[in-house]
Amino acid sequence: MSDKKSSEYSRLSHSINEPKLSPRLSNSPSERLVIQTTSIVALKCAVQKNIHSFWSQLWKDTAGKGYHRLKKAQKDIVKPSYRLEWRNVGTECWSNVNFYRNNWKCLQQEILCGIAATLLQIPETIAFSYVANLDPLIGLHATGILAIVIAVLGGVPGTIAGAAGALAVVMPQLTGSSGDLSEYSYSVRVSHLYVAVLLAGIMQFFFGVFHLSKFFSMIPRTAHIGFLNGLAIMMLKSQSTTFKRCKNISASDAKRLFAECEVAGELEWMHITDLHLITTLFTVLATMCIMHFFPKIPRIGSLVPPTLVVAIFGIGFEFGINRPLFKYDVRTIGDTSSISGGFPSYHTPQLHAIHNWSAVISCAASLAAIGIFESIMTLQAIVDLRKSRLTLQACRKESIAQGIGNILCGFFHGMGGCSMIAQSTGNIINGAQYRLSGFMCGITTFIIVCFASPIMELVPVACLSGILFVIIAHTFHWKSLILIFHIRLCDGFTIVLVTLLAATLNLAVAVIAGVIWHSLVNGWDSGKQLSCREEDVPLDHFLSQISQDAGVGDILAQGIKESLPALIKVYRLQGTLLYSSVMRFRGFFHSIYQDPALVVLDISHCHLSDFSATAALQEVATLYYDQHKLMLLVHFADVESFDLVVNKDIGWNVLRTHSDIVEAIQIYVHQGQDEYLEMKSPHAGSESFLLTENAK
């Protein structure tokens with residue numbers, strides 16, 4: 001019995017492994033078993049093969065194509081050269097140590113430039129902290145962290161980074177008493193800001209990793225001008241607190257309780273007859289005069305930072321003249337809040353305590369976009385001073401470094417920031433050439449916070465406002481007030497639009513709106529440049545052009561000429577076919593019903609820009625198809641246009657040789673278009689058409 005089963009299994013396995021079955025088999029039970037089993041196995045294999053082939057092809061045509069694109073982008077991101085560049089940071093630092101060891105004069109210059117940048121930056125950092133409705137110590141910590149990180153990892157040596165005004169004007173969206181989180185306490189609002197800064201750093205980091213920072217170079221000049229104007233207006237609005245006091249308390253107590261009053265939203269304007277207002281205005285005006293005229297003094301004006309002179313003047317006037325003689329005190333930094341402290345400590349962000357994620361993410365996106373934008377502007381200003389060229393790799397490194405710095409600010413309770421134009425350009429003008437100056441700026445900031453904060457607390461807040469008013473005057477693009485009446489209306493509208501949105505809503509939203517508006521205008525202008533020229537070409541001339549291919553000359557005798565009209569219609573497009581020119585393109589084909597049976601669309605001088613272009617071509621081809629007419633798309637202008645139609649679209653029959661063209665016409669004439677499409681197109685249907693690669 002066992003021998004019988006083994007022989008049956010051997011015959012079964014032998015039959016299954018045969019390349020094909022014999023058509024004639026006996027009727028024995030064992031043979032029928034072989035037939036049935038083999039048929040089932042063959043059917044199952046065929047079904048599995050077809051299913052596998054179907055899903056494999058579907059994967060390749062859909063998600064698989066996107067996966068391979070992402071994989072290729074990932075390989076480009078983690079190229080060995082990029083990885084090696086970041087691994088060499090330690091080696092570069094050690095080589096810099098050896099360099100400065102042999103160049104003491106350069107070392108001295110870099111250290112002095114870093115200290116000068118700190119003296120210029122600290123008063124502004126404190127002022128920007130007040131703009132953001134934050135404790136100045138938070139801004140100083142951010143300045144120290146970012147200055148060190150950007151100096152070591154940034155894209156261009158000599159860059160100075162810190163708490164920036166462009167970001168500070170966005171932060172009241174979370175920290176302000178009238179912002180999105182106004183119903184929560186001040187400490188809760190600030191904790192939300194730390195999370196927003198952390199998220200902004202993560203966004204900036206991945207912007208750099210995935211090379212997305214290059215898109216910020218697409219911002220038009222008009223949006224750039226509107227950004228600067230809106231930033232100046234927002235900074236001007238933020239200085240209103242300098243001329244306010246607490247409500248319902250005496251003037252002597254108002255200055256000591258100002259921070260608490262500001263947090264509680266209990267502030268009122270100083271009366272115009274209040275002598276405290278007069279002394280405050282005098283301090284502001286004197287500060288502005290020093291900032292403007294002191295740098296013009298020969299020799300000494302280029303050696304001493306004007307902000308240092310302002311601090312000395314403010315302390316001397318307030319505590320040497322005003323308070324002892326006039327008794328009309330001007331509020332100082334120490335009267336508002338203390339900046340004494342130490343190095344920042346690590347804190348884990350309280351993600352579970354976030355009450356409004358939409359506000360946090362919105363603020364984070366704005367901070368990330370504005371930070372990258374201002375940093376790229378800063379890098380461009382630096383390379384312009386050095387007569388060099390800004391590279392995409394430098395922008396990428398700057399974005400990654402800024403992301404790392406803001407992530408650290410989120411963990412160490414800093415307000416975040418970016419590269420700063422004024423401080424960076426001033427650092428380069430002072431003679432800084434390397435990264436040590438920025439590193440010294442961060443170290444000096446922490447030294448002042450730890451050991452010199454009592455002196456900084458004596459500086460009047462009016463001095464900080466005077467410094468900011470000068471910065472505002474230099475930030476605002478005054479020529480734009482005349483420029484908007486001379487440039488194109490759409491460009492002038494871009495400046496006004498971005499300025500108003502930046503001053504009323506958000507800097508990032510304003511820039512995005514300006515870019516969108518400018519893109520629409522450019523798209524519309526490009527669409528109007530499309531033109532078309534119609535020609536009635538003799539069929540003999542067209543066939544003689546394509547009959548130059550070997551073996552095609554005898555095709556003319558096979559009934560093509562007799563089956564087609566003597567003249568064919570040729571449409572010659574010129575310009576760019578894109579989404580904004582589709583309506584204009586459709587208007588060219590107003591005589592489809594009168595056109596002959598063979599129509600040629602020549603795009604040798606037309607660039608196909610997007611999918612709307614290929615869809616418009618298919619739409620016109622569909623109209624000809626419905627009228628039983630043949631359309632040939634010939635002479636691509638460039639490789640990109642051909643790739644867009646052939647590889648980035650479906651439903652086209654590609655005729656790559658002259659013989660294919662003649663064959664298509666022959667089949668169409670003798671058998672009809674339906675039969676031709678069924679024979680030639682892998683995607684046969686009502687939207688399958690004909691095109692040639694570059695046949696003439």
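Glycine residues also receive a Cβ, built from the backbone N, Cα and C atoms like all the rest.
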Which one of these stretches, 403-422, 563-582, 623-642, shows up in TrEMBL as transmembrane segment? 403-422
Top stretch by Cβ pairs under 8 Å to the transmembrane segment (403-422) (candidates 144-171, 275-294, 359-383, 458-477, 489-517) is 144-171
Do we see three or more Cβ pairs under 8 Å linking the transmembrane segment (144-171) and the transmembrane segment (300-321), pairs being at least 6 apart in sequence? no
Beyond the flanks of the transmembrane segment (458-477) by 6 or more, those residues with Cβ under 8 Å of it: 123-124, 126-127, 130, 165, 225, 228-229, 231-233, 235-236, 239, 242, 280-281, 283-288, 290-292, 307, 310-311, 313-315, 317-319, 330-336, 422
Looking at the stretches 192-212, 275-294, 300-321, 359-383, 434-452, which one shares the most CB pairs under 8 Å with the transmembrane segment (489-517)? 359-383
Sequence-remote contacts (6 or more beyond its ends) of the transmembrane segment (359-383), Cβ cut-off under 8 Å? 155-156, 158-159, 161, 164, 166-167, 170-171, 173-174, 179-181, 192-193, 195-201, 203-204, 207, 213, 216-217, 219, 224, 227, 389-390, 394-395, 398-399, 402, 406, 416-421, 424-425, 428, 506-509, 511-512
Beyond the flanks of the transmembrane segment (300-321) by 6 or more, those residues with Cβ under 8 Å of it: 116, 119-120, 122-124, 283, 286-287, 290-291, 294, 329-330, 332, 430, 455-456, 458-460, 462-463, 466-467
Over the domain 'SLC26A/SulP transporter' (107-496), what is the model's average pLDDT? 86
